[in-house]
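To start, the structure itself, in structure tokens.
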Amino acid sequence: MSAPEYLEPPLGPEIRDWIQRIGELSATLPDLESREMAARRRAQRELSDRLAVEFTAPVPAEVEIDDLVVSGGAEPLRARRFRPTSAIGAMPTMLWLHGGGWTGGTIDEILNDRLCADRALRSGVQIVALEYRLAPEHPFPAPVDDAVAALADLRERAAELDVDADRLGVGGNSAGATIAATTALRLRDAGEPLHHQALEVLPAALRLFGDSMHRRLRPAERTGIEHLAGLYRAGAPLAEASPLDAPDHRGLAPALILAAEYDPLRDGAIAYADSLREAGVPVVLHIGLGHDHASPGLTGCWEGAREWRDAFVEELAGAYRADSPSDAPTVRRSRDHHRHAAMNSSHPDRDQETKMSTHAVDPVFPADPAPPLTADAIPGQRQTRLFWITFVLAWFGSGIAQGVAGVAIPQLLKEWDPDQATGNLSIILTLGGAAILITTPIFGRLSDRSMSRLGIRRPWILSGALIALIGYVIQATAPNLLVLGVGTILVLVGWGAVSMTVHTLFADQIRRSIRAIMSAVTGAATAIGILGGVSLAGIVAPMGQIGMFLIPGGLSVVLALTLFFTLKDIRRLLPAEPLDWSGVLATFWLSPRRYPDFAWAWVCRFFMTASIVSVTSYLYLTISGRFGIDDPTEIAAVQTQATAAFTLMNLVMAFVFSVISDRTGRRKPSVIIGALASAGGLILAISFGDIAFFLVGIAIVGAGQGAYIAADVALMTECLPSVEDAGKDLGIVALAYLLPGILVPVFGFFATRIGSPTGENFAALYIGAVVMAVIAAFTVTRVKGVR
């Protein structure tokens, strides 16, 4: 099969300026093409330094820089230590390995000084940069031997060098990240685990790997990369030299992996994060949207590079248990620091006008077709505790909105025309469902591409909540079915935008290892919200139409807006490739043949949702028609009891099965058990004309739904084809929740009229719901990529 076609990445002006300067400066450095390695390295150093002076932020004044000598694999090696001048005593320490394509780079580069000093100050982590040996003179395993020996020396001389030996880790950029990852593997095998590993723009595979490589590099560039990788590997087995190809990743140090959207190395880094996660290694994967391989070095000219740096140091500080990036040690440290055999003590960076450095653009070794982004990885940034509260509150608010709709709309329709209430409800729900079917996936596509300063998700929370609020005002004052329908459509469209966002945040902000428990928590919050909405609608019913819609509806909107104010959103810094509106229909489609797991998981969710929507949409009218109750207060009381029974069992089973799901990593058993339990509860609820049996049956349905929601969102998220298109793809996921809003009312309209002209054959409706739940249980067994 032919390789994918090269695509020119839509790089921002800062990166384009950097690339242009490389061309201009390279024309003045003919030795960049020299066959003599020493001459080529001198030219690369000159190019790097001149670029760094222009593009990288200077060394902060509050940082000490010491030159050291440390042990190496064959002989002592130079190293450079960076620590805040205000620090005193032992500090968490990271051995840093520079980039340069395995054949170049040095700790003397201005780029190395500037980046290491800035990161040490902001993270509170002492950084020791190592002058490891270079290929081809010293191929693998020499650089890894050097790193292992240097780490042992730092541990042995911990008191002398102010190293906290219990918090000693390794990190690297580009080629240095490959060496760092292999060092972590070596030390794991030796029974000497590290505290942490930080891998920036990582070449995880020493081979051509990934769609991102083929699309971001021309054939000649790929050949050059293979040549550099070959010089480094020098015939060593991939299983020893290539981190991704190591046979076992269990027991490795926790990892921070930073990948750039337009870096050819991206797919390899993602695959490595995925492999670590599957091996049980704690891993954070930060994917910089709009970024390129060179982004870390552009801190002097680009806000995007500074945001990359901030994400790096925030995660680094957390990993080494510093309080925060800004809380580096504040006690004054004596400047009578250890200077062990200082070498080359002049720092060109102090003479900023003359020199500078950036990584020699190292190789990138991404993968065969890019794997799905199913690592314990998120492109979003670390959130505050308040975010987690408001994230749950937003789901709670959506539950209130559903509860209000389940009481207020059918009650109003029954007051207007009792004989046609079921049919009119079906019409309103069908039209509203059609509106959100059209708008929600488009919202997702546009959200992924948003360039707003507010971020890519927050604008949709705000606009969706405001649209819903307008809809509630119209519902509250509607004089007839038509106006009520318009208000209901606006409410549903607004909540469709919010729903798309909160679903997408599972991919943006929720790590895989906690998705099942968060799925359970948010599902429980929704269930409690529905109960609250039903109860509140009943309480405010005496206030009439205005009270029933505006009070609960307004509260739900306020709860959704709390998430808007607390979410630290992803900001797209560069425009995405232009949206082809002629192809917008693709928004509604992912090939089942190409993504069969996603398709089967979607079908499962559709039928499970359709089953429960058949119950909840007509619950008010079912209670009235099935048990012959006409008093709205009595109907609301029974509906509250049913909702309470459903919610209680839902909560209990959601937490039980979420714990089981997260601990075992298995999602499908929860879904199957939940679907079959729901089917059994529905049979019981409709088989006897007794309210007690009905309530017990609904409670069993709640238990089944709890087991289902414990794994539902986690299952769907893990079947996503791409995190980069999470908004679009989760917009399609949301369709499995929204599409039943169109089709169930149509089904309900006809099912309830079998043998009943006024539409009160709710037994037929429930039989259909049972069949749907059984289909859901079957279809999830077809998902192969998730257990």
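The backbone N, Cα and C atoms fix where each Cβ goes, and this holds for glycine too.
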Annotated stretch (transmembrane segment, per TrEMBL) among the listed ranges 425-444, 705-724: 425-444
Positions on the same chain near the transmembrane segment (518-540), where near means CB under 8 A and six or more residues out: 391-393, 395-408, 411, 502, 506, 510, 547-548, 551-552, 555-556, 616, 633, 636-637, 639-640, 643-644, 646-647, 650-651, 654-655, 657-658, 702, 705-706, 709-714
Top Cβ-contact partner of the transmembrane segment (456-475) among 386-413, 425-444, 546-567, 672-700 (pairs under 8 Å): 546-567
